[in-house]
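What follows is one structure encoded as structure tokens, with my remarks underneath.
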Ligand SMILES: *[C@@H]1O[C@H](CO)[C@@H](O)[C@H](O)[C@H]1NC(C)=O
Ligand SMILES: *[C@@H]1O[C@H](CO)[C@@H](O)[C@H](O)[C@H]1NC(C)=O
Ligand SMILES: *[C@@H]1O[C@H](CO)[C@@H](O)[C@H](O)[C@H]1NC(C)=O
């Protein structure tokens, strides 16, 4: 356009110069003016220049009418002299926006040379549509923009001028915007966009409008462009949480970092306005240390271990903030779920670790408290005692138990108890714990000493050394200490209390019983002691036991010949034997006793020496002297028989008896024989001799009577059915009885003792037996109380303390 303008000026100057030349040359040139529309085709007639210049067709070749050489658009037809188009004229190119557009140039004619000014005015035609330079117009309008706000848009260009120029802008119909056409100071028209209605980005974030520019031509031309409106966000929305309150349950003991939940807030804004950051709000520091909140994602995780027992729930305030000033808040409620992570605890609140064994049932030994920090089932605790102990748990109040004695205690059975109390909760799986205590049972003197045997019997051979230990008793007491220390003493005996200590003593410490003297079986066959074992408790307990000491026999006594008794001068009395005595005639009987007992007193009789061998025999056991044949005249009247009496002891002891036997039919006959005897030297001894003689006779009579009775009885008792035996030691008063019929040789004595059943029918009288004529001892029993007796009430018993035997003799009347 500028260039076009300068060309026009240059052309003006070119036109002006010939004009001035013509002025000076005197050739006045005319100005010819034509008007043509732009864009005429080449060759189109602009105007009949030659005609208008007054040149005739004949002159034309000579005048050589022509346009100036540099003219590009026009030429002059040589034949007609018309001005025709030789190029295309675009008015907008040449004149731009100028409303008047004309091309001036000179036409030159020779002969004479004339210069003519030609002005060709070029008229505009509507050949240009309005045109927007940009295909799109991009606009950003904040949603917060209020209606009425205007936005100037780029104008469209229309090269045409005047009526063909751009006249008006229009926009496609829409509810938000309208457009108006404004004129800028330079006259150009621009569109102005008007916001009719508030925008909402959240509803519609962009708008597309078609802006149309229309020119005034006929027909009018239009040009369009697209207006793209981006509604920009205004921070007009606060974030909103998806829930106002978030509730979540969480197991306790989850490891740190465990996800809890995610809070989500949304903001309808966009961009930075929708960038939400999360933070704890109004959360105590202690709690905020336990949880971690991701400020960008809203993820809440644990940052420590949660303990139900410390805190059962948390409330976290969370604030969401967008890029602007808007915030929102929510609460996160976290319930902690209990886990059975605490074992029950057992605590002894009070405990007496020692209790006497005599303590009553129900005595409280300990008070126990159980505790489980868990809750619900996890904290329900049951308690029991492990193993079988004589104690039980009694619940007192919630979680408290009494440990009481359930069964009687006995320290001697169990001196201490390890009591283990186990507490188990009801969790899944259950947890349990145990606590042990040791309870000592204190001793009480509740056990008397106990002898190892119910009673003791010891045999002590007589003639023991004094001081010998003869027995030992022992008792034990299971109690402890002094309660179990036993000492022994003698508390009773059947000995004379004054003499007791001279017989026996007991060691208090060891229970050994000592003989204090040598015992004599013949004096004391047995005695009984009551020994006491006594502990040192307070009060002391004791036990008695009987100790029976049996003094055993030793063969320490030789047999003693009772008959025939020796005369003081050493000679024996004589017995008469009738000359007519048949063989087997009982001449006499040697009677001997032995203080010992048993075999030691089992006597046997032997003929040691005889003046007429074969004439007499002595019963081995009976001592009966019998004739073995009839006496002959050749037999010496006086016979001497030496009989040995031996006991059965080991070694045996013996005694001898000398028998003088006189064959005579009467005492008178016998008496002279006595004359052979040495005369007594004095009257005193003579008197004694007669006394002895009388005594001997009485004895002989007695013997005869006894023998007779024996013989009679032997015969009758063998057929008797009423007779019985006396067991030794038994004295029967009502039952008729008889001693066993011992055959000869089984007893040291062949006395058979008879018992009458009725006192009225008594067949026996009793002889008084002097102690010197002590009866034989009973061989069947060691028992000093053994009594051989007749039941006859007439029977007179004798008691010889030296033998401790009761012996009765019976004699038939
Ligand atoms: C997480 O715990 C550690 C150690 O207990 C502590 O130093 C840290 O500050 C905690 N973090 C948060 C976000 O509470
Ligand atoms: C009790 O426990 C203690 C120590 O554990 C042990 O020495 C003792 O023998 C136990 N007693 C009983 C009666 O089990
Ligand atoms: C033991 O014997 C003594 C004397 O006879 C008597 O006093 C005491 O009570 C008896 N003790 C027992 C336990 O029998």
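In case you wondered, yes, glycine gets a Cβ from its N, Cα and C as well.
Unlike curated entries, TrEMBL annotations are predicted automatically.
The feature domain 'Cadherin' is assigned by TrEMBL to 28-132 (among others). Secondary structure by DSSP for the domain 'Cadherin' (28-132): 14 helix, 37 strand, 54 coil.
Per TrEMBL, the feature domain 'Cadherin' maps to 133-241 (among others).
According to TrEMBL, the domain 'Cadherin' annotation covers 242-346 (among others).
Positions annotated as domain 'Cadherin' by TrEMBL: 347-451 (among others).
Under the heading domain 'Cadherin', TrEMBL lists 452-561 (among others).
Residues or ranges marked as domain 'Cadherin' in TrEMBL: 576-674 (among others).
Per TrEMBL, signal peptide is recorded for 1-29.
Look at TrEMBL and you will find 689-712 tagged as transmembrane segment.
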DSSP helix/strand/coil residue counts for the domain 'Cadherin' (133-241): 3 helix, 54 strand, 52 coil
Secondary structure tally of the domain 'Cadherin' (576-674) (DSSP, helix then strand then coil): 12 helix, 42 strand, 45 coil
Candidate ranges 28-132, 242-346, 576-674 - greatest C-beta contact count to the domain 'Cadherin' (452-561) (under 8 angstroms): 576-674
